[in-house]
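Shown next, in structure tokens, is the structure this report addresses.
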């Protein structure tokens, strides 16, 4: 039986993202206000502020600073002016009838400019440029905070009555412009902030399932489940800020998917408010043969069909043991071969990631300035790799590992995996390297916003692909990007990649591109030029056998390739579903197909 309210359910959770998110979250970039790279003192010494991450806490990062200055040809004195928080905002397009309806029903809302701006963008390079330069074409007209499913139903009814557009938002961590306010003329646009809808509604220990409201963030899910000795195990890089509803809407994937699965494997049932009623399966069962699975109409819908309000998810006991590891390979090609065999033998641990040499170098430099002893250890390690094993430090690749399970399970798993690694000539890099590689993921996202201040443009993009395309695609994309940059006189560039997810039949590859925008292109918008180069990289990805996205979604920035990816028939199917569930185009986010936001249908 499900636990009931008499046993402490529904359970209210203090949200990690407050109503005034600008008090905690940066308005001009990724992450927390108290966590950023900063230059301190007359010497412009570099450190990472705050205490939230292992790299923080006052440690100096001048080795990383020196590497960046040399590699990209910049100086700390060349830092651009700091962006100023805006004090003036576009006047909202008001729907008096809609607002009166909210007040009558007791639904909280705000027309404050900063509240609206904070929910009108995601985290693409273009998003951040527009926010910092106050050059956005449109921001939301009103922010609405529903308190539960029933209020969402009422808000949608009001929106339909007064022809208001509704854009559901969570932590605004999107990197596809899916939550970026569309430039719709003449309609009030509501940013429906779901983050205050974060209760644990019930927990069933017999079935190991739980029902959460969709606005709960990943970190709050894990914190709440941990009280019961449980975990969901879904850990995307953005899990501090991204929400359950956002994961479903984008078909998200987490770093530990090998053990727990992707989001579509973890969700049992979804409740979504559409323009014609509530879409929800009327049963809870591990599997049914009952026509097409309507959950998969909702997965990946990106806010275009309705508002996800609740979801039933699978939970597991917190593993007895978590252990990290790392392996060093002669080169990236050898590392890919190792991953392929691990997948074929079904030996994937909870997390297994392969970094190419450029990423390895970045990780080597992105660590606190060492003591005399630590510097000796680093020197000995480099000597061990280059002299004893004759690995070239400018070509090695590194795999980071995380194992979870009982002590006996982890030991057995490690033994089998390391035995395979030995046949590829791998060197055991130890547990500290593995743990650092895993946790550093949460800090890397902060680098881009700091780099922008020195006219260094940086962004990541990802794809999924079959194993037999992996090496060719990686080479082709790097070659295309390098050639496009050189044609424009861009010589200070970094293009790196890593394999982040491993499947039986393929993998997910991330690319990281950063370059110093050259002075001779001073009249060219740096962000727009970056977009041109990134779009050409996406063309190369598709031409080389990759997909539009593994887990970031389509949004607006990749919508022009959507038809090519799913076929014109596939687009027609989605359009038919859109007309059936949202005949008045209330959910006019403009994602996936794009044209949906330009008409009232």
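Including glycine, each Cβ sits where the backbone N, Cα and C put it.
Nobody curates TrEMBL annotations by hand; they come from automatic prediction.
Taken straight from TrEMBL:
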type	residues	note
DOMAIN	136-318	domain 'FAD-binding PCMH-type'
BINDING	168-174, 237-243, 250-253, 302-308	FAD binding site
SITE	353	site 'Important for enzyme activity'
BINDING	448	substrate binding site
ACT_SITE	510	active site, proton donor/acceptor
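When averaged over the domain 'FAD-binding PCMH-type' (136-318), pLDDT in the model lands at 97. If you take the C-beta of residue 238 (FAD binding site) and look for same-chain residues 6 or more apart in sequence within under 8 angstroms, you find 171, 173, 218, 445. Comparing Cα positions, residue 353 (site 'Important for enzyme activity') lies closest to 510 out of the recorded positions 242, 304, 308, 510. Counting only the Cα atoms, the space from residue 172 (FAD binding site) to residue 448 (substrate binding site) is about 17 angstrom.
Cβ neighbours within 10 Å of residue 353 (site 'Important for enzyme activity'), excluding its own Cβ and spanning all shown chains: 25. Counting only residues at least six positions away in the same chain, the Cβ atoms of 234, 236, 242, 246, 262, 263, 551 sit under 8 Å from the Cβ of residue 252 (FAD binding site). Counted within 10 Å of its Cβ, the other Cβ atoms near residue 308 (FAD binding site) come to 30, all protein chains included. A separation of roughly 31 Å, to the nearest angstrom, links the Cα atoms of residue 308 (FAD binding site) and residue 448 (substrate binding site). For residue 448 (substrate binding site), the nearest of the recorded positions 168, 304, 510 in terms of C-alpha separation is 510. Remark: residue 510 (active site, proton donor/acceptor) has 460, 461, 462, 497, 498, 499, 500 as non-local neighbours, by Cβ distance under 8 Å and separation of at least 6 in sequence. Proximity of residue 168 (FAD binding site) to non-local residues of its own chain (separation of 6 or more, Cβ distance below 8 Å) is seen for 192, 194, 245, 249, 303, 307, 308, 587, given in sequence order.
Of all the binding-site residues given, namely 172, 242, the one with the smallest number of surrounding CB atoms inside 10 A is 242. Working note on the binding-site residues 304, 448: by count of other C-beta atoms within 10 Å of each C-beta, 304 ranks first.
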